[in-house]
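Asker: Pasting in a structure now, in C-alpha cells, and then I'll have a few things to ask.
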Amino acid sequence: MPSYIVVGGQWGDEGKGSLIAYLALKDEPQIIARGGVGTNAGHSVFINGRKYAVRQLPTGFMQTKARLLVGAGVLVDPGVFFHELEHLKEFNVAERVGIDYRCAIIEPRHKERDRASSYLHDKIGTTGSGCGPANADRVMRMAKQAKDIKELEPYLTDVAQEINDALDEGKLVLIEGTQGFGLSLYYGTYPYVTSKDTTASAIASDVGIGPTRVDDVIVVFKSFPTRVGEGPFPTEMSAEEAERLGLVEYGTVTGRRRRVGWFDFEFARYSARLNGATMLAITMLDKYDKGAFGVTDYDKLPRKAKEFIEEIEERVGIPVGIIKTGPELEHVIDRRDTL
C-alpha cells in the first residue's frame, strides 16, 4: 500500500501514537507526514521503557530512515518545534524534518487570546495552545506563514510535492492524523470540537494528496473511549467506576483527567463510515481484558478479549487489522496479512 492514513475514531487519545510508532518501525515508510490541527494534540510513545511525547512533529520520528514532514494544513508553533528537535536529538530529527512553507504560525498573541477567552476555557475546554485563534486568523488571511519566520528557513519545503513525487516513485508514505472524529469541526459534537475537520479526507488535504492517492485508511479506537474537556459523551461512566476499573488517564497536552466511557458501537460504525475506513485498529485491549496484556498472537487471546474484537468487526462492519495489548511497541497483534 503506497500510502495510508491513520486517524482517531473517537475523541482523541485513542493510542494513535504507539500504533504509528509500530507502523513506522514495522513497515519502514520512506515518508512519515503529519496532518491535523497543530500543537493542541499530543502523541505519546514508549521506547525501551521511556516515554516520548510530541505535539508538532510526526510520531514516527523513531524510524531514522524516514523523511519527516509537517503538512501545509498544520499550524506550527516555532517554540514547540525547536523544543522537540532538541528533545529528539538522539533520533537525528533535525536533519530529516521538513515543514511546508505554507503552514500558518501560532504566535504568542494567539495563545493569549485562547487562554483569556472564558467561553473557550470554561465552556469548550480549550487546551490553550492558540490553535483556534491562529486558525481564525488564517481564515481571515491574517496569519503569518512558515516562510515568514527566518528561524524556520532551513526546514522549509513543499510537502505536497515531496509526497506526490514519492508516490509516483512507488515509495511508502504514512500519514498521521491527530485528535479524533468526535472532535471534528464538521462532524463532531459541535460546539465542543476543535477548530477544523479531523477526518481522513481532511488529513489527506492537510498534506496535499487527493483522495485517489490514498490506498488505506486505518481508524483507531480504544477499548474504553476517553474525552478531555466539555461536551456530550453518551456512554460516559462515573469517575468512581473508572477508578475501580483502573482507567484513570491524564491528557498529554493539558494534564487534565480524561473522562472515560464504555465502547459505543453505533458511534464507531458512523465514524468508520465517514472516515472511509478500510481497516480498524483497537488499542488498550489489555484494559478491557487484563489477560490480553502483552499477547502478540491473536489465537492466544483470552476468550473475553477475542469476543470483543469479533463483536466490533460484526457491528462496525470493518475488519480489525491491528490490536494493541500494552504500551510498549512490541505489545501488538498484527493481522493485516490475514485480512
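Quick reminder: no glycine exception, Cβ is built from N, Cα and C everywhere.
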Asker: Swiss-Prot has Asp13, Glu14, Gly15, Lys16, Asn40, Ala41, Gly42, His43, Thr127, Arg141, Gln179, Arg256 down as binding IMP; which of Thr189, Thr194 does it also list for that site?
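Answerer: Record source Swiss-Prot; matching candidate: Thr194.
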Asker: In whole Å, how far does the CA atom of Arg256 (IMP binding site) lie from that of Ser44 (GTP binding site)?
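Answerer: On Cα coordinates alone, these residues lie 15 Å apart.
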Asker: Measuring Cα to Cα, how many Å separate Gly12 (GTP binding site) from Thr127 (IMP binding site)?
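Answerer: About 13 Å separate the Cα atoms of these two residues.
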Asker: Return the maximum Cα to Cα distance in Å (whole number) over the record's IMP-binding residues: Asp13, Glu14, Gly15, Lys16, Asn40, Ala41, Gly42, His43, Thr127, Arg141, Gln179, Thr194, Arg256.
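Answerer: Roughly 34 Å, rounded to the nearest whole number.
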Asker: When you measure from the Cβ of Gly15 (GTP binding site), how many other Cβ atoms are you left with inside 10 Å?
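Answerer: For Gly15 (GTP binding site), the count of other Cβ atoms within 10 Å is 21.
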Asker: Nearest to Gly15 (GTP binding site) in three-dimensional space, by Cα, is which of the binding-site residues Asn40, Thr127, Arg257, Arg258?
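Answerer: The answer is Arg258.
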